[in-house]
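Feature annotations, courtesy of TrEMBL:
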type: COMPBIAS; residues: 26-35; note: compositional bias 'Low complexity'
type: COMPBIAS; residues: 45-59; note: compositional bias 'Low complexity'
type: COMPBIAS; residues: 80-93; note: compositional bias 'Basic and acidic residues'
type: COMPBIAS; residues: 94-108; note: compositional bias 'Polar residues'
type: DOMAIN; residues: 221-519; note: domain 'CDC20/Fizzy WD40'
type: REGION; residues: 1-123; note: region 'Disordered'
type: REGION; residues: 138-163; note: region 'Disordered'
type: REPEAT; residues: 348-385; note: repeat 'WD'
type: REPEAT; residues: 488-521; note: repeat 'WD'
Amino acid sequence: MPNPEFVRRIRTATANGNSGEPSPAPHTSSSTASANPFASLLEAGPSSSSGSSIGSYGSPNRTYVAPGTPTTSPRKRKARDYGDRFIPNRDDNLQSAFQLIGDSPSTPSRKRMSNPPATDGNREQANHAFQSLLATELFPGAPSSPPRVSATPAGTPSTPARKRIFQYSSPSRSRLDHDLGLSNPVHQAYSISPVKFESQRLLLSPQKTVRKVAKTPFKVLDAPDLIDDYYLNLVDWSSTNILGVGLGTAVYVWTQETGAERLFELASGDSATSVNWCQRGSILAVGTQMGKIQIWDAEAQKQIRTLSGHDNRIGCLAWTGHLLSSGSKDRTIYHRDTRARNDIVKRLTTHRQEICGLKWSDDSGGLAGCQLASGGNDNKLFVWDGKMMDNPVWKFHEHTAAVKAIDWNPHSRGVLASGGGTQDKKIRFWNTVAGTMLGETDTGSQVCNLVWSKNTPELVSTHGYSTAPGQNQIIIWRYPSMSTVTQLTGHNQRVLYLAMSPDGTTIVTGAGDETLRFWNVFPKREETDEEKAVGEEIGPSLELFNKVR
């Protein structure tokens with residue numbers, strides 16, 4: 001059966017040929033092609049430059065095109081093949097292919113507000129030097145005189161002054177030096193360095209040496225049954241270099257030479273809740289869960305006496321000379337004279353909740369010149385004088401959580417540091433002479449302990465619960481700028497206990513992970529000229545004494 005479209009086109013072509021309408025001029029010299037009724041169907045596309053058209057009937061260079069077939073078909077452009085260049089096929093899963101994505105979830109989480117990360121002293125100094133260098137390179141010093149401003153108002157036409165645009169004479173030497181400053185031997189034009197002379201002077205200037213602090217403890221001891229309780233004080237270091245630790249129902253002493261030894265064991269149902277060494281000697285006071293205080297001579301391993309009076313656990317102890325102060329969960333503070341038979345000298349009842357922090361200031365001026373700082377779970381910090389008054393000299397209410405971390409500045413008389421608990425997270429400094437707050441620092445985490453350095457104007461704080469990513473850290477601060485010297489980590493739980501060695505170079509920390517970690521964080525104290533002179537005077541006399549003997 002013939003194609004209907006083919007038949008329709010034949011009829012149309014025949015009708016056009018009979019009507020006498022002029023037909024298109026033939027593209028070939030053949031006369032038969034002009035009379036052929038199929039010429040209009042067989043011709044397709046424009047003629048080529050050689051005079052032959054594609055698809056003309058009867059020509060050797062022409063091809064037959066079936067009716068209904070498009071005369072031109074779109075050609076798909078072939079992509080260029082760069083054989084000398086390799087482009088890898090990247091996987092859509094970047095995490096598996098390139099490990100560029102961490103383990104954090106892809107969904108955006110709410111950003112937490114936290115303190116800026118702490119930086120080491122070396123990094124802080126390098127950042128400061130880089131910022132200074134960048135400012136010198138990008139923003140050079142402003143000109144000594146301000147730019148000259150034209151007196152002509154804006155928009156007012158003015159006649160341009162006649163000025164020679166082209167000047168073919170060479171400038172004088174003085175004018176060249178004045179304009180370019182080339183007479184200066186340190187001009188930038190003579191420098192072969194890519195940075196300016198000001199930057200070179202900055203880079204070559206002597207930098208302040210930054211003390212390096214080891215980030216790992218040099219000794220780790222197991223401390224089984226070390227109670228994880230914020231309100232207790234179970235670690236202390238004596239002036240005779242003996243470490244005392246309360247572990248459950250037992251109290252241990254540790255030295256570098258002999259190691260750990262058990263000093264004594266409490267009765268069943270009781271446990272140690274606080275330990276504190278006398279400021280001079282090897283006398284150790286231990287507070288218990290039952291509200292008793294046992295006083296021991298650690299060197300002789302002998303109990304001296306037992307003190308009573310509290311109705312609940314004793315969470316903190318503090319010595320000044322022969323006077324021992326104790327704070328309890330029964331909200332009272334007792335001053336005790338350990339030499340007297342009736343030891344209780346004073347009873348203080350100002351706090352409304354458990355007392356968890358006690359610290360006496362330096363007693364070099366006698367008891368009358370000392371001050372006692374007490375912190376409680378009632379968020380209060382009180383300062384008492386040594387005259388045994390019934391009311392505190394100062395009451396500070398700025399903390400919003402329990403105040404356990406307390407310590408006096410050994411380098412500045414009357415300066416007290418205190419730290420707040422989980423809801424506060426701040427270290428505050430007080431002038432106990434004037435009764436004012438000197439400043440505060442938000443640490444971002446629970447402040448568990450504070451200790452001033454004996455050798456440098458620095459401060460150590462240990463931390464617990466935190467809303468920031470980092471927690472359970474030990475931070476060394478530079479006072480009074482409160483810039484971070486370094487940050488130490490290693491404990492798996494909050495660092496509740498802190499003590500310092502007698503030479504002031506080492507600290508020991510204890511945590512709920514039942515470990516004690518020793519850190520070298522401070523340099524040794526440098527002897528003053530007076531101490532050196534005294535040592536030189538005493539040295540020859542001791543040698544003579546040894547020779548005589």
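Heads up, the Cβ atoms here are built off N, Cα and C, so glycines get one too.
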Taking DSSP H, G, I as helix and E, B as strand, the repeat 'WD' (348-385) contains 3 helix, 18 strand, 17 coil
With DSSP helix as H/G/I and strand as E/B, how many residues of the repeat 'WD' (488-521) fall in helix, strand and coil?
0 helix, 19 strand, 15 coil
Average the per-residue pLDDT over the repeat 'WD' (488-521) and send me the rounded value.
96
